[in-house]
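Heads up: the structure comes next, in structure tokens.
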């Protein structure tokens, strides 16, 4: 397969380097990734400035842009090549539960889906970042499986890999997104109290059996199929009744 690779940690990050190394043996890869860290950029696109791809090597390009920018540009004319699959990652840190709303890694995969391609987002579920090689092997296994049994074009898989040696991985689990509590309070800068730092992610609120949190805690690779439709269908009738009461 011809695979477009991107991420939100930047084109030189260890995760994307490992991902490219893991997939290049059996697939044709092209890397189009941000020139620097763009974590938590979600699905933002750049409309107020033109974007300049810079070729680093034969199949690697960097852009001063978000992950969604990179995928969008690559698939909408810049590469002028037929791509079969979009893979983003390997992210440094988990993308579990509500994290997916903010994640540039997941957003890059979603952009691929918007543009008609099956897409996979892969994250190493730890801030230690010790076992990217494990995640690379898992990525290779998943992508090889996809190459034999194609995913539908509107599929996004959110994959989280425990940050452990491969021999500790118990297998794969298909999961749903868990949930976090509200984020921690913002923190004033120690040197300048007029500046604030965004607080840490909230603790796990829904981490029961079947969630991505539970899979990772028990050394399983979590694979969550994502959908783009954010409509809360079970509230449509309630909201309709509420609207009908407006005078």
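Note: Cβ is positioned from N, Cα and C throughout, glycine not excepted.
Together with 8, 9, 39, the divalent metal cation site in Swiss-Prot holds one more listed residue from 58, 59, 80, 91, which is 91.
By a simple count of nearby Cβ atoms, those within 10 Å, the most crowded of the binding-site residues 39, 91 is 91. With all protein chains in the displayed structure included, the most crowded Cβ environment within 10 Å among the binding-site residues 8, 9 is that of 8.
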